[in-house]
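**Q** Dumping what TrEMBL says about this protein:
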| type | residues | note |
| --- | --- | --- |
| COMPBIAS | 1-14 | compositional bias 'Basic and acidic residues' |
| REGION | 1-20 | region 'Disordered' |
| REPEAT | 20-53 | repeat 'TPR' |
| REPEAT | 88-121 | repeat 'TPR' |
| DOMAIN | 292-297 | domain 'Serine/threonine specific protein phosphatases' |
| ACT_SITE | His296 | active site, proton donor/acceptor |
Amino acid sequence: MAHESENGSEKKMAEGGNDAELLKEKANKYFKEKDYENAIKYYSEALELNPSNAIYYSNRSLAYLRTECYGYALADATKALEIDKNYIKGYYRRATSNMALGKFKAALKDYETVVRVRPNDKDARMKYQECNKIVKQKAFERAIASDEIKKSVVDSLDIENMTIEDDYVGPKLEDGKVSMKFMNEMMDWFQDQKKLHRKCAYQILVQVKDVLSKLPSLVEITLKETEKITICGDTHGQYYDLLNIFKLNGLPSETNPYLFNGDFVDRGSFSVEVILTLFGFKLLYPDNFHLLRGNHETDNMNQMYGFEGEVKAKYTAQMFQLFSEVFQWLPLAQCINNKVLVMHGGLFSEDGVTLEDLRKIDRNRQPPDSGPMCDLLWSDPQPQNGRSISKRGVSCQFGPDVTERFLEQNKLDFIVRSHEVKAEGYEVTHSGKCITVFSAPNYCDQMGNKGAYIHLRASDLKPEFHQFTAVPHPNVKPMAYANTLMQLGMM
C-alpha cells in the first residue's frame, strides 16, 4: 500500500507539473499581449502548483518589471537564483531590477556573473560595460561633490550673449519674458516637432528656478467660493496628450488654475516639450499654475528612463544639469483650503507626520532612500490595513487605517495622489479618503488605460472626474532616449 500511495503522490506531482506548465503558457500568452496583470496572475497560479520552478519566478519577475513593481521583480529574480544558481536569466532579471532601483553596484555584480559564464555573449558584455560606466561615473560625481561645494550651472551661463541665428524663425521670449503669445507659438512649434532655441530654453529654466526656489516645500492655497482647480496626474513626456488636456479643459489662466502632480518627464519621448510648456505656464501664472515633484524628477530615474538622454540629444549635458537643479526646487505637496492634501506618491512609513513636518523638509536635493520626502514621492496605497513592504522596492504601501489616522491628526478630508497607472485614469480607495489620478492615457503606447483629471470646486471640495483617451502622436516610440539597459531583453 505504501508503495502504491508513493506512486499516487508522484502521479499527482506530475499532474501538478503539467497543470503548472499550462498555466505558464497561458501567462506567456498574456505577457505577449502586454496584459501584464493577467500574466502575473497565471505565473502566480503556476508557482502555487510548482513553487520550485526558477523559470516561473524569472518570467513573473519580468512581468513585474513591466508594471514597475521593481521590489517584487527583485524578490522573484532572487528566488529564481536560490532555486537554481546556474540559471543565467535570473542574473539578468536581478540586474535589471537593481538598475531600475538605481542600485548600480549590485547590478554590476550580476552582469559580471553573466559575462563570466558566457564570455561570447555580446548583449551581456554590452550591458556589463554600460553598467560599469555608470558605476564609475557615480563614483566620480561623489568625489567631485565632496571636493567642492557644487556650483550652479546658472553661474557659468552667459545667456545675454547667446545669439539667436537669423535662420531661426521659431518663438522667442518678448523682452526676456514669457507671454501668452509666446506660449501659443511655442506649443504650435513643439506640435510640429520643432526645437525651441537653446537661448529661450535657458531663459525659461533660469527664471523658473528662481520662482520655484522661493516656494515652501508644502504650498498652501485657498480657492474662493466660486473657484475651481484642475488636478492632473502623471504626464510622462506624452506631449500630444498634454495638448489634448488643454483642448478639453481650456488653457491655464488666472481663472482656470491647474495643479500638475509630478512625473512630467521620462518614458514618453516628448518630455522636453512637456516640461518646457509646464515651466512656461508656471512663469506666466505663478500663483495659478502649480507643479509638484514626482519620483521621476530625480537624477537616477532620468538617467534610466529617458529624460537625460532626450535633453542631451536635443540640447546638451549642461542643460540637463540645469534641469536637475530646477527639479530639486519643485515643491513636494500642496494643501487646498486646509482640507485636501495633494502629493505625487502618498503617505508615510511612520505615523505622526504633520503638515508642519512637511513645511520643514529641506527639499533642494536628490531624495533620500527613506523618510517623509521619499514617501511623498514613492509610496502607494493598499486595500488592507497597516503597512507593507513596497512592490516598488522603495518607501512603503499604506492601508486605509493609516490614511484615516493621518487625516484626523491633520484635520484634512482626503488626499489626492498619482504615481500609478489606472485603467479608468483614476481610482477612489480608502472609503473615498485616498484618490489616485493619472493623466497619461495609453501609457507607454501599450497600457490601453484612459487618462483623467479632477475638478475640485471650493464650494464643496467634492472631486469631479473627467476621463479622456490617447490621441495620435508622431512615430517616436516611448523610451526612445532611455538607457539601453532599460530596453530589456524579452523572455
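Using N, Cα and C of the backbone, Cβ positions are placed for all residues, glycine too.
Annotations in TrEMBL come from automatic prediction, not curation.
Mind running through what each feature is packed against?
**A** Per-class residue totals from DSSP over the repeat 'TPR' (20-53), listed helix then strand then coil: 27 helix, 0 strand, 7 coil.
Counting only same-chain residues 6+ beyond the ends of the repeat 'TPR' (88-121), those with a CB under 8 A from a CB of the stretch are 54-55, 57-58, 61-62, 65, 68, 70-71, 73-74, 76-78, 80-81, 127-128, 131-132, 134-135, 138, 300-301, 304, 393-394, 483, 485-486, 488-489, 491.
If you look at the domain 'Serine/threonine specific protein phosphatases' (292-297), the same-chain residues 6 or more away from its ends with a CB under 8 A from one of its CBs are 219, 234, 236, 259-267, 305, 307, 327, 330-334, 342-345, 363, 367, 377-378, 394, 418-419.
Sequence-distant neighbours of His296 (active site, proton donor/acceptor) (same chain, six or more apart, CB under 8 Å from its CB) are Asp234, His236, Gly262, Asp263, Phe264, Val265, Asp266, Arg267, Asn302, Tyr305, Phe307, listed in sequence order.
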**Q** Kindly report the helix/strand/coil residue split of the domain 'Serine/threonine specific protein phosphatases' (292-297) according to DSSP, in that order.
**A** 0 helix, 0 strand, 6 coil
**Q** Could you tell me the mean pLDDT the prediction assigns to the domain 'Serine/threonine specific protein phosphatases' (292-297)?
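**A** Averaging the confidence scores along the domain 'Serine/threonine specific protein phosphatases' (292-297) gives 98.
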**Q** Would you list the DSSP helix, strand and coil counts for the residues of the repeat 'TPR' (88-121)?
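**A** DSSP classes over the repeat 'TPR' (88-121) add up to 27 helix, 0 strand, 7 coil.
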